[in-house]
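Worksheet: the structure to be examined is printed underneath.
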Amino acid sequence: MMIKIAVVLCAVMATTMVRAKYVEEQELADLLDLLISEEVSSPDDAVALQGWWRRTVDKVRNAGRKVAGFASKACGALGHSPQEARAKVLEAFPEMKEADLDEEDIGKYCGYAHALNGR
């Protein structure tokens, strides 16, 4: 069980370090060492671990919301339809080839951004 938790935390650590750069690496490494050595035996350690986990999840969630909000605003500025967005991007960047911009991809990314942002 502890190995599964350690693997999940490794994935969380990698995501957190990419998304929320203000999390200290040493804090993450200490937690992973604690899990691998199976020293989480006292109730105090478990409470500390739960508190750290909640803070980490909140930081990742907030970073994701910021990214989704930014992407949603950018899609809104470009236009709500994929055709409008594609036309505006090509207008802003004339050196870009039309084949590089697929309307389906633009629509899909804008749809994801709007869905994550709650619009």
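Note: Cβ is positioned from N, Cα and C throughout, glycine not excepted.
Listed features, source Swiss-Prot:
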SIGNAL    1-20  signal peptide
MOD_RES   TRP52  6'-bromotryptophan
MOD_RES   TRP53  6'-bromotryptophan
DISULFID  CYS75-CYS110  disulfide bond
MOD_RES   ASN117  asparagine amide
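Its Cβ taken as reference, TRP52 (6'-bromotryptophan) is surrounded by 15 other Cβ atoms within 10 Å in the chains shown. Its Cβ placed at the centre, TRP53 (6'-bromotryptophan) has 14 other Cβ atoms within 10 Å.
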